[in-house]
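This structure is in C-alpha cells; I'll ask about it shortly.
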Amino acid sequence: MSFSAVTKGELARIYSKDRCCQLAELAALIRMCGTLQLVGGAQKLNIKLTTENPAIARKLFKLFKDLFGVHIEVMIRRNPRLRKNNHYLMVVTHGMGSTDILEKVKILKKEANSFDISYGVPLMLLQNRCCRRAYLRGAFLGGGSVSDPEKTYHLEFVTHSHEHSESLRDLINDFQLTSKIVERKGSYVVYLKEGDQIVDLLNIMEAHSALLELENVRIYKQMRNDVNRIVNCETANLSKTVDAAIRQIENIEYIKNTVGLGYLPENLREIAEIRLEYEDATLKELGEMLSPAIGKSGVNHRLRKIDEIATKLQEGKIKN
C-alpha cells in the first residue's frame, strides 16, 4: 500500500465528536470528490460521490447518517479488465434532502427559482481552528495525495475550481505554511514541496503516524547524506595526501639523482631520507621520527622547501 493510501486510511479513521467539525469535513469531502447532478428539472439535485478508498466511503456514510439522518447506499464498481481498485459510488438524491445538505455545507445557496453555487472554502463553517483542521482533513481525503518520502517530498490537493484552489491555498497558509497553485490538465493543484511543511500539514490534519513515518525517513536520509558527505570529504583529503606524498618522493628522488641529498641542508636532508624510507607515513608520523620531534606544520614546511629546490633544479635555476 502506498504512503498516500496509508495516510488516507489513518485520516479516515479520525472521527470528530463535534458537529461543527463533522460538517466542515463533510463540506470538503463533497467539494473534492462529489459532483452535482440535475434531475427532473432545475429544482432537483443529486449529490454523487466516488472514492477508491473503502475507509473514506465508510466515513462518508457515517457523516451523512450522523449529521442528517440519511442512510446512503454504497455501490461498488470494478472494471476487471483494468485490474484497478474498487470504486465506491454513493448518491444522495433530492428526496433524501440533497438540496438541504448542500445549503448546510455552504456549497449551495437557494434563490427563489434558481441555485447559486459557491466555489470557495465555506469560511462561515470554519470559525474555529478545529473546524479548519477538519476541512483540510476532508479536502485531503477527497482530493489529496502525498508522495512516498523515500523518493520525494510532495503533497497536493487537486480541485476543478480555480476559486476553490485559491481559498484552499489561503486556508493552508493561514497555518504559517507556503502552499502554491499550479494548473494541470484543466485542474488546479495546491501543493507543498518542503519536507518540514508537509510534516506540519500532516500534524494539522492529525495524521500523526504518517508524520512519524515521514520524519523517520527524513532523519535516515539526512544521516545517509551526512555520511556520504563525510566519506567524500575524507576520500578527497586522502587523495590529496597521497598525491602530495607521491610528489614529495618524486622530488626527493630527483634531487638525489642530480645533485645528491648531500646538497640539502641537514634539517631538509633528514626529513628527505625519512620520507624515502617511510613512503606511507603521515606528516605527523614523519615528525615523530625526527630528533627532536616536530609537528605536522614543521614537516610540511620542510617538504615544501624540498619541492622548491627540486623545481629550481628542473628549471635550471640551480646548477648541478
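Backbone N, Cα and C atoms are what each Cβ position is placed from, and that goes for glycine too.
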Quick test of your reading of Swiss-Prot: among 214-247, 248-281, 282-315, where does it put DNA-binding region?
282-315
Where else in the chain does the DNA-binding region (282-315) make close Cβ contacts, counting only residues six or more beyond its ends and a cut-off under 8 Å?
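That would be 241, 247-248, 251-252, 254-255, 258-259, 263-264, 267-268, 270-272, 274-275.
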Summarise the model confidence on the DNA-binding region (282-315) as a single mean pLDDT, whole number.
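In the predicted model, the DNA-binding region (282-315) has a mean pLDDT of 88.
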Using DSSP, break the DNA-binding region (282-315) down into helix, strand and coil residues and give each count.
26 helix, 0 strand, 8 coil
